[in-house]
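J.: For reference, Swiss-Prot lists these features for the protein:
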TOPO_DOM  1-18  topological domain 'Extracellular'
TRANSMEM  19-43  transmembrane segment
TOPO_DOM  44-55  topological domain 'Cytoplasmic'
TRANSMEM  56-78  transmembrane segment
TOPO_DOM  79-92  topological domain 'Extracellular'
DISULFID  Cys92-Cys169  disulfide bond
TRANSMEM  93-115  transmembrane segment
TOPO_DOM  116-134  topological domain 'Cytoplasmic'
TRANSMEM  135-155  transmembrane segment
TOPO_DOM  156-182  topological domain 'Extracellular'
CARBOHYD  Asn165  N-linked glycosylation site
TRANSMEM  183-204  transmembrane segment
TOPO_DOM  205-245  topological domain 'Cytoplasmic'
TRANSMEM  246-267  transmembrane segment
TOPO_DOM  268-278  topological domain 'Extracellular'
TRANSMEM  279-300  transmembrane segment
MOD_RES   Lys288  N6-(retinylidene)lysine
Amino acid sequence: LHMIHLHWYQYPPMNPMMYPLLLIFMLFTGILCLAGNFVTIWVFMNTKSLRTPANLLVVNLAMSDFLMMFTMFPPMMVTCYYHTWTLGPTFCQVYGFLGNLCGCASIWTMVFITFDRYNVIVKGVAGEPLSTKKASLWILIVWVLSLAWCMAPFFGWNRYVPEGNLTGCGTDYLSEDILSRSYLYIYSTWVYFLPLTITIYCYVFIIKAVAAHEKGMRDQAKKMGIKSLRNEEAQKTSAECRLAKIAMTTVALWFIAWTPYLLINWVGMFARSYLSPVYTIWGYVFAKANAVYNPIVYAIS
């Protein structure tokens, strides 16, 4: 009880019908996510042609998403069944930590996937090819930095607390002290605004490079009086462009999923009167459901 902010006590209990809806939604997304990401990992690890340095990043993304749902899904089912957090204060902190950790690892893995596409498509032969050693180093950097940021609340820089209808736990965005808020300012920059800026920058140049390449191909085909100039090299470039589109889709879905939860954090800091348990819990659940999208995107592609 000492971890629950007084803001949540002013609201009446949530409509009992909401809990079965949350339970069904989490059951559906949990099974879909665990199965989809497991299949993604299995296929990429057991298909020789897919065991490339770039796909190590894809496997890391699937592992991060799998871990998120594996740790979020069962506790959420329990708390929705009992209509409140029943797993104790320690597990609340662990739960909040793991959710933040996996979300942070996912977006920075996507940033490195985007950067690899930028290197291949924009820089071309001038770019340094991604090696297994370099991809492994990137993955190590992702997890070390994510761990460092997400462990900070355990040492007094912000904290993990129950939120919304008290069936989930996350960072404390209702405390007004400057120390707690400073963490959210910096963390928002680190896991949202900076990745978004890098991604937009890379894809602006990727789109320009692809458009220039396609125009060059069409012009050359016209000069030669043929319909298409799709030789082996062109087919390879086309495949790289498809991979860039897949990466862009996964990144876009991540930002669509996590933007409502970011807004909840900032509304909690500056306009908490607009923050209700219903909006908060659905924003929270929608963000976690992002772990479902990636295997679907890769399967369709």
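Note: Cβ is positioned from N, Cα and C throughout, glycine not excepted.
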J.: Excluding the flanking five residues on each side, which residues at least 6 beyond the ends of the topological domain 'Extracellular' (79-92) place their CB within less than 8 Å of a CB in that stretch?
T.: 2-3, 13-14, 16, 19, 22-23, 26, 160-162, 165-169
J.: I need the CA-to-CA distance for Cys92 (disulfide bond) versus the residue listed as 'N6-(retinylidene)lysine', whole Å please.
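T.: On Cα coordinates alone, these residues lie 16 Å apart.
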J.: So what pLDDT does the topological domain 'Cytoplasmic' (205-245) average out to?
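T.: Within the topological domain 'Cytoplasmic' (205-245), the model's average pLDDT equals 67.
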J.: The transmembrane segment (183-204) vs the transmembrane segment (93-115): three or more C-beta pairs under 8 Å (separation of 6 or more)?
T.: yes
J.: Would you kindly list the residues that approach the topological domain 'Cytoplasmic' (44-55) from elsewhere in its chain, counting only those six or more residues past its ends and only Cβ-Cβ distances under 8 Å?
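T.: Distant Cβ neighbours of the topological domain 'Cytoplasmic' (44-55) are 62, 113, 116, 129-132, 134-135, 243.
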J.: What counts of helix, strand and coil residues does DSSP assign across the topological domain 'Cytoplasmic' (116-134)?
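T.: The composition, in the requested order, is 14 helix, 0 strand, 5 coil.
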J.: Taking DSSP three-state, what's Cys92 (disulfide bond) in: helix, strand or coil?
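T.: Note: Cys92 (disulfide bond) is helical by DSSP.
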J.: Going along the chain, which residues six or more apart from Cys169 (disulfide bond) have their CB under 8 A from its CB?
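T.: The list for Cys169 (disulfide bond) reads Trp85, Cys92, Gln93, Tyr95, Gly96, Gly99, Tyr160, Val161, Pro162, Glu163, given in order along the sequence.
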J.: Report, in whole Å, the straight Cα-to-Cα distance of the residue listed as 'N6-(retinylidene)lysine' from the residue listed as 'N-linked glycosylation site'.
T.: 16
J.: Under 8 Å between C-beta atoms and at least six apart in sequence, can you list the same-chain neighbours of Lys288 (N6-(retinylidene)lysine), or say none if there are none?
T.: Thr29, Met68, Met69, Met72, Met76, Gly99
